[in-house]
Amino acid sequence: MHTNPLSCRHKTDNSWRNFKAKMSSPSALAPSDSSPPLPPLPENPTVLGCGGLSMDLLAAVEAYPEPDDKIRSTSLKIQGGGNVGNALTCAARLGLNPRLISKIADDSQGRGILEELEADGIDTSFLVVSKEGNSPFTYVIVDNQTKTRTCIHTPGFPPMIPDDISKSSLFSALDGVRLAYFDVRLPATALVVGHEVIIIFFSLVVVWAWTEASSVPSALLSMLLRLPNVRFVIVTLGGDGCIMLQRSVTEGDQSEEMDIDNLLESLNQRKDSNTTIPTCISSAETKLRANGIGTVSGRLFIGTAEKIPPSELVDTTGAGDAFIGAILYAICAGMQPEKMLPFATQVAACSCRALGARTGLPHHTDPRLAPFLRQTP
């Protein structure tokens, strides 16, 4: 296998660009000059992402086809995708300086992926390019009727392996980084990068894992027990928002234990069904118990999602990636959970109002974000 650093990244492929221009509409959200003053950007805004990239070929249809059907699309867009690519694009538009570790091929799709990332200000100098093979791509069918999407992914070849990035390049990629994000698409490489990050940054790592717990809250508690240096874990629930479990800084002297599933139910009862904007509902700090798993001292949070009018809901592709990108920004900005969760769910809601994972991603100056950025704490 022949790989090389991005010595060819400034080459252009006019046929790809011209085809894409014909099939896609402009995706940038213009910042508003009339936006009120916002808090300053984080002092240390550099983040690192390691994971998958893709070129998404999105087709919106009136309804998902039946077997052997022939239908026509109502709209079409060709756009960069992939979990880490989407999340870092979101983070960049919010004001962070993302770096990326991933792999593409030196083909028209790879050059299209690269062009979009660089246009959003993402540092691609640690991206590995294979002279042979193919870049990842995904067919995305968006059902206008059910507001769902179906993804058919073709992985890139050759796949990324840890030896694709040298130790010196890895240390350069980590230099000055505040936070690292892994989307688990490149597990072997992520383990190598994560080993260095954990040594240097300890708990400032966003991780995703799966447990065999019987409920979502129990799974979150199990993750905190398995990962003693992690400060909090979050799970997204689509249109139902998100749940976050935050570990207490100190165990304290809480003698009374509370079942975490019962606590979640009590928090859900405090939701205001008349509120359409994202909100956060939190518990007091207490000792939380999951049967058969253990106990953790901490707080449980519910982040509600924006109630998007059906006429405005276009495509949920990449909404979870947008949420993660906003969480990266919120951590770097020092937001507390009560502010972080509504902010992140609002960013995700913005992304659902346009076709594709990146078209609707807001910029830091977007007036829809101003109330959440100015909010205290």
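Any Cβ shown, glycine's included, is placed from N, Cα and C.
The feature region 'Disordered' is assigned by TrEMBL to 23-45.
Annotation source TrEMBL lists compositional bias 'Low complexity' at 24-33.
Here TrEMBL flags 34-43 as compositional bias 'Pro residues'.
Taken from TrEMBL, the feature domain 'Carbohydrate kinase PfkB' applies to 53-151 (among others).
Secondary structure counts, DSSP: the domain 'Carbohydrate kinase PfkB' (306-362) has 29 helix, 0 strand, 28 coil. Sequence annotations record features per position, and here TrEMBL assigns domain 'Carbohydrate kinase PfkB' to 306-362 (among others).
Under DSSP, the residues of the domain 'Carbohydrate kinase PfkB' (53-151) split into helix, strand and coil as follows: 24 helix, 39 strand, 36 coil.
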